[in-house]
Amino acid sequence: MPHFYQYSDAFTKLGVFTASFSNFFLIYLTIYHIKQIGGTYKYMVLIFAVTGVAFSSWELIARPFTHNYNRAFILFSLNTWMGNSEFFLQVSVSIYAGFYLFILAFFAVQFIFRYLSLVDPHKTNIFGGWGVIGWIGYPLICGGIYSVLLMWAGNPDEYSDEYLRETFAEIYELDISITPRFIFVPYTADNSLRWRNLSFMLGGGFLLSSQYFIIIICGARMHIAMRRELGNFSTPNRRLQKQFFRALIVQTLVPTCLFVLPALPILLGPFFDFEWNMQTGGIMALLSVYPPIDTFVFMVIVAEYRRVICRAFCKSKTVSMKSTENGNFKTHIVHLNSYQCLIHLFLTLSFLNQK
């Protein structure tokens, strides 16, 4: 059987590099160059960027991976350079899991903020001052509850270890007893329910679905409000509100498609009488590339970021291009938009590389 987990390290390092570069770039642009984003929402964008870097960097420590075997699911750490720190790595894996709930809850908070900024901008004042504690505290509480629930409900016992011991040693060449891990086996040998393991499925599912409920409700109301209220805004502000709305939608869809939907069969598989033995940690590799994708999506959709990036690469709005006509060289002035500017940059770099 191929050792897919050996390739996950490369995805993790790639995710850390790209997330750090893209998010620090986003932070720099937001602080020094972006003028249309201000106040509370500017701080939200900055915290979103910092969270992306922290999430990717923490994966280097936790090195999470998953495996499904018949009616069991195990989430464990592949970290080998901290081999004598089993409890710390177990806590690290639980914090990594809590990061995702934090991010999702933070998106829910942003949906609420954007909705209020459309229907009643004065109410967004509750997010300022001491209100910062509320909109940062809510995601922290959600992520913390998820981490603690994972630590308690997934703590391995003798039955769960024995259920997976042989296949775990065969595939990963590791002793399951000393591997930082969380194991979920919802049924005992006589098919009765193991309620402690089941409580994580129920509690974690409730936390996840609650965030999506907030996002869907606010998203639907924002869509209706934009049709009704945007006529009261200036044209630039109207365009900006639409861009923020689209960015939030796409940023929520990215982790949903990369992680939540692929994870459903993995999490629900132990409830069914399947006979399978699969390294399912590939979803962790997908999740490792989520932060840079989300950052890139935000900078592409919000037009001011595109304009700033274009100006950084193209000092003026025009470039000189040489062409031939009847054997004679002529110089043409070509006006570029942001996409053509990037194309011109690519062609310039290619030409320099050939030189």
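Quick reminder: no glycine exception, Cβ is built from N, Cα and C everywhere.
On a predicted model such as this, the values are computed, not experimentally measured, just so you know.
According to TrEMBL, the feature transmembrane segment maps to 12-31, 43-61, 87-113, 125-153, 200-224, 244-268, 280-303.
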Subject >> Same-chain residues near the transmembrane segment (12-31), Cβ under 8 Å, at least 6 residues beyond its ends >> reply: 37, 42, 45-46, 49-50, 52-53, 55-57, 59-60, 63, 285, 288-292, 295-296, 298-299, 305, 308-309
Subject >> Of 43-61, 125-153, 200-224, 244-268, whichever stretch has the most CB pairs under 8 A to the transmembrane segment (87-113) >> reply: 125-153
